[in-house]
Structure formats: structure tokens, C-alpha cells
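Shown next, in C-alpha cells, is the structure this report addresses.
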Amino acid sequence: MGQLISFFGEIPSIIHEALNIALIAVSIISILKGVINIWGSGLLQFIVFLLLAGRSCSYKIGHHVELQHIILNASYITPYVPMPCMINDTHFLLRGPFEASWAIKLEITDVTTLVVDTDNVANPTNISKCFANNQDERLLGFTMEWFLSGLEHDHHFTPQIICGNVSKGEVNAQVNITMEDHCSQVFLKMRRIFGVFKNPCTSHGKQNVLISVSNWTNQCSGNHLSSMHLIVQNAYKQMIKSRTLKSFFAWSLSDATGTDMPGGYCLEKWMLISSELKCFGNTAIAKCNLDHSSEFCDMLKLFEFNRNAIKTLQNDSKHQLDMIITAVNSLISDNTLMKNRLKELINIPYCNYTKFWYVNHTGFNVHSLPRCWLTKNGSYLNVSDFRNQWLLESDHLISEILSREYEARQGKTPLGLVDVCFWSTLFYVSSIFLHLLRIPTHRHIIGEGCPKPHRLSSNSVCACGLFKQKGRPLRWAGKV
């Protein structure tokens, strides 16, 4: 397809070449004649007849196309997951899973009730310690992990979480969202879970989310859409993950053929004396960038580190090598001047950098690169003294001219045009054999006129209703 597009774009410049015009003419004639031969052979009519024999004379479009739907009953899912609901713009409830009798109360306020201490700072992985000595400590921690995971709590979004002492009348936890980025993210994620409410980030000052446990007394009505939003936001974060070290295997990075190649995406697994090659594309690499809990991802990070280290070493080595090359070139330049002086002293032809010779092709106005005309005993050499050199240079020049002319001619005849000419000619030759076969196109009732356009079945019946007598003798007839 790309060759055809480039071919059509070059049509104005193509037609200037006689050879291209001939190729275009042969291609068009071959394609037209091939289509005529195939139509005359009856192959297309025979295929249409077999598809429609015995059916109605009208066409049906979309016979196998149906509009279907599926209904998801969320009532089977929501009782087993935390159910969020909103009381007002600042108070929210998160009922525990399995239709628990308790709920986690969330309050967005500018009041600070807890202060930072060395023992009361928590994070999403150990949030359950804020609900210690509670009867449902495990489910409370699980529910809060779901909620914080829905807020996309990660190393970029890390609001401070402080645990409180319930026995002293304090709340279970306090999340500091005073920072503008933290407040905006909490507001956007909670609005998706609980629904639309007033933005608390408009008031510039301290902002906290106070978390406490209360009894569930139907303070607010639940919505299955809120539960589904909470599920969707945790769909890829609550999978059970196990990580085991398989020291029985040894992995090495290689290319698709098994050759060691640091920086590739193929791993060769060795198990005793056999090996297995596995290649991973950009999907696996992107997955590793998202989730780092696998040995494969750790190994890629290690290889990436080594590759960067090698690249840095190569850059430093290249810099040192460039400095060495510069110094050597300077020495060579000085050495060249010394050699020319020595050649002059020992009567050997040398270059005085004043006169140069080259081979010029007057027909194409092309010349070779100038070369130094050597000097001996204070005078320039005769042409016969370096005849072999300029003859060899002329051969190289002619070869270069012919090569350029060949490349220019090849460039004026696109490869797509040659392909079209070849395949159209092959298509035409193939259609000649089909035309000679004279493929039959329909069934004919013996002794009567041709039943076209009626399509008779094998028992001489047509769905159009004209031929109703079954079992009449038939014969195959070709295109008339």
C-alpha cells in the first residue's frame, strides 16, 4: 500500500520517461484484458449462482447482524464491598463490607485535633494500627486501605496520616490535606466516589480529614454507582500478589537469537542443561514501570543501570579517544612535512602543494578529486611518469558516472510501477486459462428456454415461484 501511495504521488514525474510510459500501458492493458477474460470465463457468475441457488431473487443485507445487550446486577456485588454515602458537604460515611453494623465517618474540617508524635504516624500499609483494640480491626483496616487506594495514595501523593487514642476521646485518624495538591486530589477522588459536594480547597488554611468509627443507623442512603466507582478505582490494586525467589533458575538478558545483548528485552532461562528464550515487548516494560513487584522488573532495572553505566563509560572513553586522535593527527601533519623534506633531499618525487591534477569528463562535465602533481629536481613530472595513476583515476571516474546514471534511471522508475506491471501481466496470463475453461454459470431445464435470471436449485425449483415442478431434468449451461 505504501508503494502504491508513493507511486501515485510521483505520476507527474514518471511520465517523462519512455520506459515508464511503456510499463504503465502494459499494466493497464493487462488488467483490463484480465478482468474481461475472468468475466467471460463465467467464474464470477458461477460463484454468485452457488451462493444464491434456490433462494429468493432479492438480496438480504445484514442477515446475521443482531443488536444485543447485557445487564449487570450490582446487587450481587455491593453487599460484599464497602458502601460509601454522603450526609452533607463535609460529612461522609463508609459502611463496612458484608453489610456491617459499623461505618467509618469521614469529616472534612479546618480543625486540627491530633499532633505529630513518633508513635502515631501511619501510612496506608499499616493504617489498621489506628483501629487497634477494635472488634473488627481487620475489616476496618481493609476498608481504609480500599479508600486510600481509591485516592491513589502513592509516593507522589503522601498526605500525613496521624493515629489517635480513642480511649482519650480522640478520633481514630487524621489526614492532613492542607497542601493544595493533596486537597485537590482528595476532593476530585472523593467527588467521584461520593458524588458532587462543595470544594473545601477554596478556603485557604488548614484542612484535615478526621476519621472515626460510628454505628450504622442508615444515616444516609447508599448508591450502587458510588460502590462501583470505589471498586473500579481499586480494580488493579487489590489483586493478590505473591513473590517467590526461584533460585533454581538463572536468567540472562539476550536478543531473540539467544546471543547475549545487554539492554534487550529477551530473557534466556537456564534450568540445569536446557534453556528457554522469552521475549518481552513494550507492554511488559510499561507494566514494570507501573508495578515493580517482580524479579523480572528488578532484573530489567539492574540491566538498565548497567547499560547506563556502560554508556557513560563509552562516552568518557570516546572523549579520551578523540583527544588521542587529535594529538596523533597533529603528529601525522608534522611528520608529513618532514617526509616531504626528506624526499626532496633524497631526490624522490614529492608534493609541493602548488599544482594538482584531475581527470575531467567533458561530456558530462564531471571531474575527479584533484591530486597533487609531484615534483622532482625542482620541476614537475611529465604526464608519462604517472600515466598509470591518471588512467586508473579515469576508470574510477567512468565507473562513478555509470553508477550515478544507473541510480538516477532506477530512481525515475518506481518499484511500485514495476510491481504493478509484473502482477498485472501475471493476472492477465492466468485469466487466459480461466477464459479457455468456460466454467458453467447456471442450471438449465432440458428442453426449455434459459431460465435466467431465475436460480434453480438441484431439484429444479426456484424460490421466485416461476418453476414449481420438482425433479425435472437439468443440465449445466455456460454464460450466454
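For all residues, glycine too, the Cβ spot is worked out from N, Cα and C.
Looking at Cys130, Cys201, the record from Swiss-Prot puts Cys163 in a disulfide bond with Cys130. When Swiss-Prot is consulted, the disulfide partner of Cys351, picked from Cys297, Cys372, turns out to be Cys372. In Swiss-Prot, the annotation N-linked glycosylation site falls on Asn377, out of Asn165, Asn215, Asn377. Of Asn126, Asn315, the one with N-linked glycosylation site in Swiss-Prot is Asn126, while the others lack that note in the record, though it may still apply to them. Noted from Swiss-Prot: Cys85 is disulfide-bonded to Cys220, selected from Cys57, Cys183, Cys201, Cys220. Noted from Swiss-Prot: Cys201 is disulfide-bonded to Cys183, selected from Cys183, Cys266. Counting residues 6+ beyond its ends, the transmembrane segment (420-440) has Cβ neighbours under 8 Å at 4, 7, 23-24, 26-31, 33-38, 40-43, 46, 476-478 in the same chain.
For the recorded site, Cys130 (disulfide bond), the DSSP three-state label reads helix. In this structure, Asn88 (N-linked glycosylation site) belongs to neither helix nor strand by DSSP; it is coil. Here the CA atom of His444 (Zn(2+) 2 binding site) lies 92 Å from the CA atom of Cys163 (disulfide bond). Reduced to three states, the DSSP call for Cys351 (disulfide bond) is coil.
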